[in-house]
Amino acid sequence: MEPSDPAATSSSPAAQNDATNRRRSGRAKHQPVLFHEDPNIPQSSLSNGKRKRTQARGGDLTGDEPSSEEEEESAEGESDPDEEELKERRRKAPKAKKPPSKPVAKRPKTNGATTTKLPVRPASNGFKKPTAPKKARLRPNPAIVEDESGLYAEVFSHVHTPDAVAANWIAQYEEHKVNAMCDLINFVLRCSGCPLQIDVHDIGDPDNAPSRLEDLQNEFHAQKIVDYPLVSKAKGYATFRATVTGFFHSLISSAHAAGLLYNDLVFIENIEVWVVAMSDSAIRPFRHTATVIALAIGTTICGLTAEIAENAARITRQMDSEQKKKSVNRERVKGLAVRIAEEEKKRETAQRQAEGLFDAVYTHRYRDVDAKIRLDCVTAFGSWITACPEVFFSGHYIRYLGWILSDTSPPVRAEVVKQLSKLYRNKEDVARLRAFTEKFRPRLVEMAVRDAEPNIRATTVDLMNMVRETGLLEPDDIDGIGRLIFDTEPRVRKAVAGFFAENINDLFESVVEDLGGEEGIDDAIGEEVEDEFETPRKSWLKYKCLAEQLQGYDGEQADSQEATQVLTVTGQESRLALAAQAVCNGVKEVKDWEALAGYLLCDLSDVAQDSSDPETAYKARCQLNEREEVLLLEVLHVAVKTRLTDAVANETDKKGKSTKARKEESREIQESTALHLAKIIPRLLKKFGASPSTASAVLRLGQVLNLEIFQELRQDATEYAALLDDINKQFLTHADQGVLTEASTALLHARSFEDLEEVTEAKVQSLWEDTINTLRDVCNAPRDEEDTIRDLSNTVRRIAKLASISDCVEYFETQPQPGSKKSSQKDSSPTMLTLLLSLLEEFTSQTDLSADQIEQANELLLAGIKALLFYYMWLARSLRIKLDAGTPIPSLPSHSTLTSALLAIMKTRALTEEVRLAAAGTYLDIHALFATFRHHINLPSSSSSSAISISTIPPSIHPLLLSLFTLAEKSYAKRARKTLEPETDDLPHDVDSEPEDPSSDLESDNDEDINNNNTSGNSGTAQQKRTALLLAEKTLCELTAKFVLAIVGRVLDPPSSSSSSSGASGAVKDRLLRNKSVLGANFRAVVAYLETGKRKAKPIRKPAAVEKKGKKKKKQGEDVEVESIEDEDEDEEEEEEDGREQLEEGGEEDLRARELDDDGIESVGEGEGGELRHGGGVGHGGEGRGKGGNGAVEADADADEDEIMGD
């Protein structure tokens, strides 16, 4: 191949093209002509973003001739671009991303050798074009498009995108408007689930549209179709709504681009005629579907309105910039003015269409009977306001959102709050909301405080925090919302934390102003020293404001005795602790718990109130009363717990990875916290130990102390012992239930650390000795003294608390040593067990006591019963340890003295007294406790050893126990307004054991207050009634649970081989189950354990008549540990009862079917109603297996008992 002539290359156009091609391939270099220096390119091209490829170097155009519009645009753009246009280009320039440039392919190396082969080039010229991510195509849904045609099939087949389908329909509309519009309206009908259609004649007569739709409604209603696609849960309809709204969004956008929306008004009018008429239909499928479509059209139009307004503003800026030039291009200004007028005309048309949809659809459907339609309206209207604020962001339209605040549907109210939050979040639009806020502020505050849905209350609180920033809230509204810091819902407390913190900041700022401003505070406190926490600090004033605010919002008496009882059962923290947790999240100064502790330790009681000295005035302002001290101690407790919890949580990052530095930092925080707490707790007890409320709060801090770290740091044991001495002192000097509980819990927490167990056990033993000696001294005191019964009650209460945390068997059974300085009688001093039993007997029979003494006597009986129950529980534990170790025991301990005393209490005390129910529960617990030994007793190998017996509750006691159950049942049912099943005479009556007047006190139990439960406006009274209801349910469920344990342990209502004259087997169980479906879910959960036959049935031989039913029952209840809490169908219960009736009552087959045959145990009829004595067991040749293989049935029953009763 010969080289070409350079002259020819530069002269001919063909040669120029060859040179260009070579340059592109990388084989030749050519000096390019700069674009702005090329004389062949007109200046108008400079205003475009890129060079036109259809224009040749010589200026000849290879394309078609320019149109007249292009000539006009070229004439308008002849002048240089103005500054506004350049700014617009620079702003839009980053949006267009340039494709990555192709790297030049490397030439192959030849190493000087000649070859006849051409170099191999890579297919991509050294660059591989990255593949663009493919859009996930929606697969056609056969369930929707099957047997469909027309526009409906095109939209839901997903073969084409919604934009393509909309563009296709626009093209069809331009060809034949009536046919295309008919297809669109039929599409709307089909979307509503209606298979009927209209024809072109109906489209041509829009005035007849309502009557034609009425005919379609009648035909559709005759088909009785309930479900429709928009709400259908069927497969394939999950994306139905999105597809329909997406299509209409594309349709309106395409009409906007084609000009149909403004030039062909019949287009949108025909759609509105049919859609609006359908939105007023009485048939829900028509009404809901048309409403959703109309709202989607309105949303798109509002978006287009914003787009048109933006374009008009941009053109206006261009025209203003052009007019400011020295040499104004008047033709260009005139053209821009025309374009502005066109955009304004489009905007006005779009706004009229949006307003028409609002008036025709929204104003009717926002109060529709269907909550789903109302929810759609609220959601769409919120987007309308955001997209088109110049139309809808006015009082005339926003008031519709205010009216929906009172909607009955929680989702609708939640959506309104969500939309209003979007509006208030924009600070620039707050002025427009002033009138709305003034009108609907009371309703918003009511929703934040009293709405039934916690999530709505939480979101409304967030909204009110935004309203507060605008300064549109009244002081009463601020205080009402601030009180939610004590709310029971965690979400509400978390939401109000920021609001409450702002309240504190406002109060703090006002106090600072009263003290002379920031300068006055700085003069009063001077320079703060970092580690000296007990010197005045600026944060002290913030703590004082926090205490005042908490006290002001805590109007009712916090932690009342009744509320404490409820919370103690559930194991939850107090309301003050829950409020303090929210405070820690909102007030940053609280996290500095060392400064808070220093503030509490500083004694400001002697500071003069009226002083001109700035420091003295500052300290006087920071003085705390007793209630504020309690509140801040609770806050301190929570702040310390939060500090330790955060330290442990920060050991790992968000990805769950832990580093050495994080662990060391967490360890340092825990160590410093433990050391500091160990130093300040004794000081806090010394200052606040005199008051029960403050002492309880300080003792609670001891439960947070990590004693393991305390021991690892090799701290002096005397410091730890001194801390335990302070706790013991609080235990011995206080009789308050809260102090005793916190002190005993602190001691139990200390015993959980093995390294310090020796020191702790010594302190607990010392506490036992002091308490027992106090009890002996008080017992020897004369009873006629006024405080003797109170001292006895307080001492026995301490013994009960001690017995709950440490083994008390030795202390109860040991007599005082002869050389004891506290024992006046050497050998005749009774044991503490004897003393407690004698106290029960003494104060049960005493009747000549004053009202105050009766109350103290009841407290003594309650504490004594609890202490004795703990004694027998610890005793049973020690016996079980012996049995597990293989040590034989001759017999179980006798509890006849205690049970006799409990029976006396049940028969003599008044009905409404708590001690009576406590005695009944303990009576059942004692029998159930020793019933657990039935499966663990290891008899001695010697045949001469006495058999071990388990006593059962005599049938003569059943009526007395059931009378107490009936009392608790009626009490709860009356407070809960529940109707009990009618009583049946299914139990024998024992006149001597029946209460004298079983309904006298019950009927007079605040009848007026209970009947007016819903009419009283006093929130405190309502809270007391709710507390009484909870306590009544707690009492009923506790007593019922004890009945259940006794029945499962076969010590109450035991089965017998034949009918007994004293009571039929299963009568107590039937009585408990009588109102199972009436008394609530908690009660059902308790009595569900009685239905052991359904929980785990065994294959047994049954008559043919019931064999089929038995199999069905087995499949239903097999391998289920706890039966689900549901109301059983009455038919199933009747079938079960009918099946049992076909068995011989009391026969062997009957007992087997109910798993109640106990062949290995014989009744000997001793004691209080007979004892079940083991006639065989381990070491007796397996005689306990029984006859006929019933040992397996008993083993299954034993497994059921172990499963429910545990150890």
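Cβ atoms are placed via backbone N, Cα and C, with glycine included.
Per TrEMBL, the feature region 'Disordered' maps to 1-138 (among others).
The compositional bias 'Low complexity' annotation in TrEMBL covers 1-15.
Marked as compositional bias 'Acidic residues' by TrEMBL: 62-85 (among others).
Annotation comment: TrEMBL describes 89-109 as compositional bias 'Basic residues'.
TrEMBL lists 333-360 with the feature coiled coil.
The domain 'SCD' annotation in TrEMBL covers 362-447. Per DSSP, the secondary structure of the domain 'SCD' (362-447) breaks down as 72 helix, 0 strand, 14 coil.
Packing against the region 'Disordered' (649-669) from elsewhere in the chain are residues 643: each is 6 or more residues past its ends and has a CB under 8 Å from a CB in it. Residues annotated as region 'Disordered' in TrEMBL: 649-669 (among others).
Marked as compositional bias 'Basic and acidic residues' by TrEMBL: 651-669 (among others).
What TrEMBL lists as region 'Disordered' is 979-1023 (among others).
Under the heading compositional bias 'Basic and acidic residues', TrEMBL lists 979-992 (among others).
As annotated by TrEMBL, compositional bias 'Acidic residues' applies to 993-1010 (among others).
Annotation comment: TrEMBL describes 1094-1207 (among others) as region 'Disordered'.
The compositional bias 'Acidic residues' annotation in TrEMBL covers 1119-1148 (among others).
Here TrEMBL flags 1175-1191 as compositional bias 'Gly residues'.
The feature compositional bias 'Acidic residues' is assigned by TrEMBL to 1195-1207 (among others).
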Folded-back contacts onto the coiled coil (333-360), same chain, C-beta under 8 angstroms, at least six residues removed: 72, 76, 261-262, 265, 268, 272, 276, 279, 294-295, 297-298, 301-302, 304-305, 308-309, 311-312, 315-316, 318-319, 322-323, 381, 384, 388, 390-392, 397
Helix, strand and coil totals (DSSP H, G, I; E, B; other) for the region 'Disordered' (649-669): 11 helix, 2 strand, 8 coil
PLDDT averaged over the residues of the coiled coil (333-360): 92
